[in-house]
Amino acid sequence: MRLLIVLGLLWSLVATLLGSKWPEPVFGRLVSLGFPEKYGNHQDRSWTLTAPPGFRLRLYFTHFNLELSYRCEYDFVKLTSGTKVLATLCGQESTDTERAPGNDTFYSLGPSLKVTFHSDYSNEKPFTGFEAFYAAEDVDECRTSLGDSVPCDHYCHNYLGGYYCSCRVGYILHQNKHTCSALCSGQVFTGRSGFLSSPEYPQPYPKLSSCAYNIRLEEGFSITLDFVESFDVEMHPEAQCPYDSLKIQTDKREYGPFCGKTLPPRIETDSNKVTITFTTDESGNHTGWKIHYTSTAQPCPDPTAPPNGHISPVQATYVLKDSFSVFCKTGFELLQGSVPLKSFTAVCQKDGSWDRPIPECSIIDCGPPDDLPNGHVDYITGPEVTTYKAVIQYSCEETFYTMSSNGKYVCEADGFWTSSKGEKSLPVCKPVCGLSTHTSGGRIIGGQPAKPGDFPWQVLLLGETTAAGALIHDDWVLTAAHAVYGKTEAMSSLDIRMGILKRLSLIYTQAWPEAVFIHEGYTHGAGFDNDIALIKLKNKVTINRNIMPICLPRKEAASLMKTDFVGTVAGWGLTQKGFLARNLMFVDIPIVDHQKCATAYTKQPYPGAKVTVNMLCAGLDRGGKDSCRGDSGGALVFLDNETQRWFVGGIVSWGSINCGGSEQYGVYTKVTNYIPWIENIINNF
């Protein structure tokens, strides 16, 4: 179906080009009278052959035998096309003065051909005459011989019975259907300088064209025109540019017309708008012209770079719309008055002045460094020097806080105090953990009171009951889950006190809970497995000799909590007299074999509780040393011999009703089993 449509379109195109129908075939045979017998005397016969427009006639002879005479004066066949005689033929073979057709083929110069046969009054021999055949054939108008005129300027397309012309891109076919006129109007040039030329320069410019070139610069510029290389525009010796001409128009005057072969002089237009028109006629073969245009304007004063800065680009002169930017050296910033600038560019105006004053390059000032919580800052470069490359030193309060980095900061080019690792934030003073003045010895049940600085991590929890906890950071407290059960929603009833030895002392550091986290595996009233909790404080507490966190156990801590290894526990719990201790008491107690402890509680079960892998036991087989009610949540601590710091290994959880009884060991939550849980809560709060 698509093929039929295409064939139909092609047929429509050809029919349009040739007319409403194909031309009738034109062909035939011509012979002399009596052929192939001899022809008679006094014979005159003419044939006028006609072909359709766009065709020509082709004729050749298959037999030719005429009387030979000087210049074919007696008998002859004459071929005529229009007014031109193509050939006069006689004889059988050509001589110096006579021509016989032989194997030649003859073509008409147009669509018609006249054939004339003539014989005189006598023939000495019998001559048999001629036989010729003719036919019409399409003329390829696009094929031209050397020296013939070309029918089309650019492209020639032949078809049966005719031809048509087309043009290259940038040209349009003139209404004469042969000439390609240039599309060269409406061109606009806005650059300060440039070149423009006639179409195809330096080749001959097109005929029948009208070109317009517009140079449009901003007000304040003056355009100058220089004709360069060569100039060749058709002229007339007696008239001023009647054929092809070049004219130049400004808002003030007109220049030209120009033609001929002499370069026109420089034209200083004193205008920012110039229109150049170029018109050509239908004849001639000239190469055209080329113009280099430039522009000038009132210059601005040469800019001067500020100290510690430079200007770019650097030019010999700066005129209208020229610009420059100011850049400061590293460590300096652009300042216009007191206003800092991200960048600066000035533009030359038409009156010869810059649109903005040049700024200064002021040294970067990082400003006073922020105060460091639990630390201080020292100026290294000089007293209160805070400008580019100045150095400061942050330090933590000695003994109680430590810093992981070296604390040295430099004022950098971006205006920020920056550490050697590229950090912009303040260093952190982390509390020192596990420092104590405690030495082994003493008891809770029959033990000794603690001295100031022995257990600075000890926390007193007051509410409906008395309990304890251990400070593990300056805003986190570790305790037993059962000690704070029910406090997750009623946190206001939880009174947290630190830095005291006497339970009823009026001098203490007060803290309030922000959040309470009880281990998700703890079930109140169903034993003490996972008896661990964290309290997030609303505010950080200040670390000092009497308030300091206990360390969390290292991975190697298990080797320090083996059976018979001694730990220490402190608290205000019940003493042997059955009353809560007024002073903070402590005792050193050994670790008990886990299986031995579990077996002991199987014999003397604590109601609803059993010893699990999440617990450890401590105490003496004979009794006498133990924690008791009121000590819940307190820390069972051990000394790390390698670091010489104390760490929390257990949390006071549960035990026999008879504290310190024979084979009635204290049971503690095993902290090493909960390090990931503790770190996850703290890191994600």
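Glycine is no exception: its Cβ is also placed from the backbone N, Cα and C atoms.
On a predicted model such as this, the values are computed, not experimentally measured, just so you know.
Pulled from Swiss-Prot:
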type     : residues      : note
DISULFID : Cys72-Cys90   : disulfide bond
DISULFID : Cys152-Cys165 : disulfide bond
DISULFID : Cys167-Cys180 : disulfide bond
DISULFID : Cys184-Cys211 : disulfide bond
DISULFID : Cys241-Cys259 : disulfide bond
DISULFID : Cys300-Cys348 : disulfide bond
DISULFID : Cys328-Cys361 : disulfide bond
DISULFID : Cys366-Cys411 : disulfide bond
DISULFID : Cys396-Cys429 : disulfide bond
DISULFID : Cys597-Cys617 : disulfide bond
DISULFID : Cys628-Cys659 : disulfide bond
DOMAIN   : 20-137        : domain 'CUB 1'
DOMAIN   : 138-181       : domain 'EGF-like'
DOMAIN   : 184-296       : domain 'CUB 2'
CARBOHYD : Asn103        : N-linked glycosylation site
CARBOHYD : Asn285        : N-linked glycosylation site
CARBOHYD : Asn641        : N-linked glycosylation site
SIGNAL   : 1-19          : signal peptide
Revision key, fill the gap. With the fewest other Cβ atoms within 10 Å, the residue among the disulfide-bonded residues Cys184, Cys300, Cys348 is Cys184
Practice item. Within 10 Å of each Cβ, count the other Cβ atoms and name the one among the disulfide-bonded residues Cys241, Cys366, Cys597 with the highest count. Key: Cys597
Review point. Among all the protein chains here, how many other CB atoms are within 10 A of the CB of Cys72 (disulfide bond)?
Key: 22
Practice item. Please work out which residue of Cys165, Cys180, Cys617 has the most C-beta neighbours within 10 angstroms of its C-beta, and give that one of the disulfide-bonded residues. Key: Cys617
Check your understanding: Counting distance between Cα atoms, which of the recorded positions Cys72, Cys152, Cys167, Cys241, Asn641 is nearest Cys361 (disulfide bond)?
Key -> Asn641
Practice item. Identify which of the disulfide-bonded residues Cys90, Cys152, Cys259, Cys361 has its Cβ surrounded by the largest number of other Cβ atoms within 10 Å, counting every protein chain shown. Key: Cys90
Exercise for review: Just jot down the residues in the same chain as Cys328 (disulfide bond), at least 6 apart in sequence, with C-beta under 8 A of its C-beta; none if empty.
Suggested key: Pro306, Asn308, Gly309, Leu334, Cys361
Check your understanding: Helix, strand or coil at Cys72 (disulfide bond), per DSSP?
Key -> helix
Exercise for review: Look up Cys167 (disulfide bond) in the DSSP assignment and reduce it to helix, strand or coil.
Suggested key: coil
Exercise for review: Sort the disulfide-bonded residues Cys72, Cys184, Cys241, Cys617 by C-alpha distance from Asn641 (N-linked glycosylation site) and give me just the closest.
Suggested key: Cys617
**Study point:** Mapped DSSP class for Cys597 (disulfide bond), helix or strand or coil
**Key:** helix
Exercise for review: Out of Cys90, Cys411, Cys429, Cys617, point to the one nearest Cys259 (disulfide bond) in space (Cα versus Cα); all of them are disulfide-bonded residues in the record.
Suggested key: Cys90
Check your understanding: Between Cys180 (disulfide bond) and Cys411 (disulfide bond), what C-alpha distance do you get in Å?
Key -> 72
